[in-house]
Amino acid sequence: MKNLVEELKWRGLFHDMMPGTEEQLTKESTTAYIGFDPTADSLHIGSMVQIILLVHLKNFGHKPIALIGGATGMIGDPSGKSDERNLLDEATLNKNVAGIKAVLSSFLDFNTTNANAPILVNNYDWMKDFSFIDFARDIGKRITVNYMMSKDSVKKRLGAEGEGMSFTEFTYQLIQGYDFQYLYKNHNCLLQMGGSDQWGNITTGTELVRRMGGEGAKAYALTTPLITKADGSKFGKSEGGNVWLTADKTSVYKFYQFWLNTSDDDAEKYIKIFTFLDKNTIDGLIEEHKTAPHLRVLQRKLTEEITILVHGKEELEKAIKASNILFGNSTSNDLKGLDAATFLEIFDGVPQAEISKTDIEAGINIVEVLNEKSGFLKSNGEARRALSANSIAVNKEKVTEEFTLTTKDMINNQFVLLQSGKKNYFVLNVK
């Protein structure tokens, strides 16, 4: 087998592993899993590392299992959390499970039948019929409270000021541990992977497998590092909050812009983590970028690869066109091809004014539009001078002083874009 661990190390995707893990992965095709708790109806780019890890696993000939925590999601993982999580109601949880299934299915084909075909499971399916007494006898008996108390996630919560930790969250590591035992027994799963903050929960699982699996039972663990920005700040958030993997929560345009605005240092790091480009290709891109940083070769390639991976090539092309409207050459047709939501995102922060649809239906001379109707320019004189200098455009098309604004100039029957010079924009919102 090709060495998966070596691949993860040069990509910056490796943090730690249990002894014997690398040997197991190079010896034979191995089944491994990663869990995703349904705390929302989508996943954000922070979860991309784990999804990418599952894809690498499959590409190296191993069998990936994606586990959705329908049961653990009812409890809430205390790892890295300072406060108790609010419990989700069943309807919300079911909606979230369906949403995460859809996201994972866009990266891994769970319908293939080859030997290392990915599997999608939900731990609610094997936990729902477990009575409390049965769980306490069969699972709780195998792990001591001392062992559970030694975990960092527990220590931090019990040592911090506040409410401490409920019994519900305290049992989380036991339920996650049993997931590993169940998958070991039913799918011959030998490895659990996850973020470095999951080490405590994962090793509870390896311990449970060894204690319940009998003589010779093997279980391994591998974790990825916490991804941060070059300045040490948390990765995965923009000014508007989380960057999600579904367009209903983060538009493709905003997703595209997030990656395009990556710093040079971060781009060099992220292109190894978030793309499947090989080492020679990436090394070549890094060298090319160093010779001409202003061309942003790394950022553009990173953005292109990850936007195609998450949203597809067609959506990438739309995002590029949308970006060119504000930052490059574009036409009136490009502008009119935008939906209303993308139009507003592109021109977010651009000055706006409302204008009466009745006025536009009657037709308004451009001088009046630029001054009295919008306040875009300070006076009729300034408007006429700008028009004489050929520096005024309506919807990306240059106009003269004789131009009359009418309903045919509306974008999405709602907007008109005014422009003075190269960079001064103004949006008319037709009401």
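Here the Cβ of each residue, glycine as well, is placed from N, Cα and C on the backbone.
Range annotated as motif ''KMSKS' region' by Swiss-Prot, chosen from 234-238, 299-303, 379-383: 234-238. Range annotated as motif ''HIGH' region' by Swiss-Prot, chosen from 38-47, 148-157, 288-297, 348-357: 38-47. Note: the motif ''HIGH' region' (38-47) comprises 3 helix, 1 strand, 6 coil (DSSP; helix = H, G, I, strand = E, B). The DSSP breakdown of the domain 'S4 RNA-binding' (364-431), given as helix, strand and coil counts, is 20 helix, 23 strand, 25 coil. This prediction places the mean pLDDT of the domain 'S4 RNA-binding' (364-431) at 93. Spanning the listed L-tyrosine site, residues Tyr33, Tyr172, Gln176 have a farthest Cα to Cα distance of 17 Å.
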